[in-house]
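Encoded as structure tokens, the structure appears first; notes follow it.
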Amino acid sequence: MTNEQALAPGKLYIAGEYAVVDGCAAIVAAVNRYVKVTVDDDNLLIRDSHGKTYNSCDFNKNESEKNNLKKLDLPTFYGKITSESKNYKPLYWKRGIFGREFILDEKDAEDITMSAKDSTDACDLPAEKSPATSDEQNQDSQIKKLKKIYSYVFSAMQIVDDFARETKEVKNVLLDEGNTAINLYNLQIESDLDDKKTGKKYGLGSSAAVTVAAVRALCKWYGLTLTTPELCKLAIIASSLVKKSGSGGDVAASAYGGWVMYRAYNREWLEAEIEMIESGDSSLHKLLIKKWPRFEVKRLKVGAGLRLLVGWTGNPASSAELVGSVKAGVKAGDLTAHNPSKTSAKTYSKTYEDFCVQSEKCVQKIANALENGRIDALLSGFARNRALLKDLGEITGTLIETPKLTRLIEVANGAGLPSKTSGAGGGDCGIAIARAEDFDAVFARIEEEWQNSGIEALNLKVAEFDESGDLSLIEQRKDDHIKLACEQYDAHADAGFEHVRFIPNALPQLALSDVDTSVSVFDESTKWDTPLYINAMTGGSKKGENINESLARVAAKTGLAMASGSLSAALKNPRLAETFSVIRRFNPQGFVMANVSAGASAEQAIKAVEILQANALQIHLNAAQELVMSEGDRDFSAWLNNIETIVSALDSMKVPVVVKETGCGMSAHDVLRLKNVGVRAVDVGGRGGTNFVAIENARRGRKSDYEFLDSWGLTTVESLLDIAQCDEILCEPRDSSDSCNSARMQVFASGGVRTPLDVVRSLRLGASAVGVAGEFLHTLINEGEDALVEQIESWKAQIRVIMALLGCKNIEDLRENSRILIDDKPCVI
Ligand code: FNR
């Protein structure tokens, strides 16, 4: 059972549009909206010759079920292609008799495809074939439509299949001809290139992104390793088979990420090469190794000093149609309608040649300006490119710069920014470039003016890549964590709280209004009104940024302290800093904790605090997660030393440090070791809630070798009890000579806290305050920000109610005077 995922970003043209089609240079930037493709073979549809359907997962459990599969009468296996977009219905596919051809429109597949619109579960499909109806023609055209919609995916499937077949040593290769059951998979497409809620299409190059993501995911699925240039070429081949006229610039940006200088391949040459492969005289492998005439992709080194601004004018444009219109105009040379002085086709072609020469010069100038961060040179370069495109539009009778795009450019120019249309024009997006330090101020101003003219400012940035070419690995991981934490959320997970029961107090002898839930944390001078905080979760991706923004607003409204997710991504890549600093932006007055790994240096820890202007720092311990994560760390030998150095550096800045686990808990022994290197606060981060071992096991995809670690660690309650029984941890110094080591250790509790009663139980077991991650994330994602505010406000009130029930006026009173049973036995701590 295998499950692989890959991301590819959308793109925007920065310069050199139209001329790129004829081999001139262009600049294209990948933007931080992505298409994600998931390939899995877990739940294939099987149909026997009687039309009865099964799910392949029903035959995977044990040997006897596998034998049952063998007994099926002529079973046919189907993979399913799905997209989350409402407009894209699922499409079923199967292999032909020789395992090579993909069959979509055979009658069986057709019935299944059509039935699928009413069903999300393949096993629910009708067992019997629908009789042929008078709607048959209708169905034919539906199939054609679906094939067209999925044409890029389908082409990627075919190309990677051929590529895998050429690779003898590859595991899983499709050599078992005649066996149509093997190497079938389901392929799922998710995209955030367009606005999911409103259906607005921003023209960010979804065909290219879907092709790149599909090639990348399928290569992973076959166990094929591709370099970025190979991925780019393979995706260009797949895409050229669907659309002959494209330049491939969008594919290159999607494959390489970042800012890309691109020169198109020679189309006729590539067509001839593909023909040679089809006739058996060459191979995809040979074609990838060859130098492609004229073809050039180069990453531009554009520093963090420049930021892209993007406005959407609201009219989706068809690049293919616009390019076609310009080409037709150039060929015909008969543009009397637009140009009264009749000119011959020859003159137009000369004019077009000149346009290409000028465009090339202009693009080189813009590339230089981008790499050197020169706004002045960008102003003249963009203005020149804009003028060239305007002329081209006029001479060919094509509306490239619409009145709205003109307005977009004028507003940006008015703010001193270089600006132009992006891509084929005719609507869609315009771009501007700003200095990073001016970005916030300029964006606010331009956004308003654009809005007044009906132009939407898009919150886009140039998408990152890492040097391995595995684009946005970090961003993908962050998104996986959020997705899997939500999927694995279990309202009844066992963090040990059910073992802790309060002995009721029938005579509370106080009023609800007497209860004070405030706690002093860290240095006694810091007071939180409620002993509750939003624990570390995210940052480092677009989705993470949005969640951080929401959580920050929630924290500001409810007065709760909050922690960011690990800032490692931002420390590696400064452009991701904003996905964290958004917390401070939306919660300027709140108590905010930054979060770094125990492998961080003191400088990195200080930087993390600075990015968030944080009040405290969390250092996370996650050895189990790292070891299960395929790309995780393997060396933890310096952790305790690092922690000591960080604590000492932050001590001099008066920034308190909390060392926290992330779901495997902490023993008293661990806490003592931390205390001995100067740590004064820990968060036990116990087992029973969000489970990062299980999350990483799910990310590993195939049946993970580490499932046995899913229940690794101490629960939150076990951790608290172990710590509570260790006098050395909790003792307070009597005087300066006391061996009890300067100050008292503060213990925070987190891990599997699902109710206000769990909060009070944790406080009773010694916690100074209680952190919640998974439960709050679950509410936020499923019910939204307002619901989370409501939940937190209810918890705050309910914590007071429970304390009143116990007759406890404050947290100290609760700790000292309430009585508990653990597993029905009186507990003395
Ligand atoms: C986390 N957690 C976490 N912790 C940390 O120290 N740094 C991090 O970057 C993250 N990232 C993260 C992402 C997501 C999506 C979740 C849900 C959680 C762990 C978190 O702070 C907490 O310790 C555990 O989740 C256990 O608490 P819950 O979720 O059971 O309340």
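Numbers run from 1 along the shown chain.
Using N, Cα and C of the backbone, Cβ positions are placed for all residues, glycine too.
Any TrEMBL annotation is an automated prediction that lacks curation.
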Look at the FMN binding annotation in TrEMBL, where ALA536, MET537, THR538, SER566, ASN595, THR690, GLY752, VAL753, ARG754, ALA773, GLY774 are given, and name the residue from LYS607, LYS660, LYS675, LYS796 listed for that site too.
LYS660
Compare the Cα of LYS478 (substrate binding site) against each of the binding-site residues THR538, ASN595, THR690, ALA773 and report the nearest.
THR538
Mind running the binding-site residues ALA536, ASN595, GLN625, GLU626 against ligand 1 and keeping the ones whose CB falls under 6 Å of it?
ALA536, ASN595
Residues flanking the substrate site, with Cβ no more than 8 Å from the Cβ centroid of ARG477, LYS478, GLN625 and excluding those residues themselves:
ILE474, ASP480, HIS481, MET629, ILE695, GLU696, ARG699
What's the CA-CA gap between ASN595 (FMN binding site) and GLN625 (substrate binding site) in angstrom, rounded?
16
Count, for each of the binding-site residues THR538, ASN595, GLN625, THR690, the other C-beta atoms lying within 10 angstroms of its own C-beta, and report the residue with the smallest count.
GLN625
Take the domain 'GHMP kinase C-terminal' (369-450) and count its residues per DSSP category (helix H/G/I, strand E/B, coil), listing them in that order.
52 helix, 10 strand, 20 coil
Top Cα neighbour of VAL753 (FMN binding site) in the set of binding-site residues ARG477, GLN625, GLU626:
GLN625
When you look at ALA536, MET537, THR538, SER566, ASN595, LYS660, THR690, GLY752, VAL753, ARG754, ALA773, GLY774, which the record names as binding FMN, what is the longest CA to CA distance in angstrom?
23
Fewest-neighbour residue among binding-site residues, criterion Cβ within 10 Å, set ARG477, LYS478:
ARG477
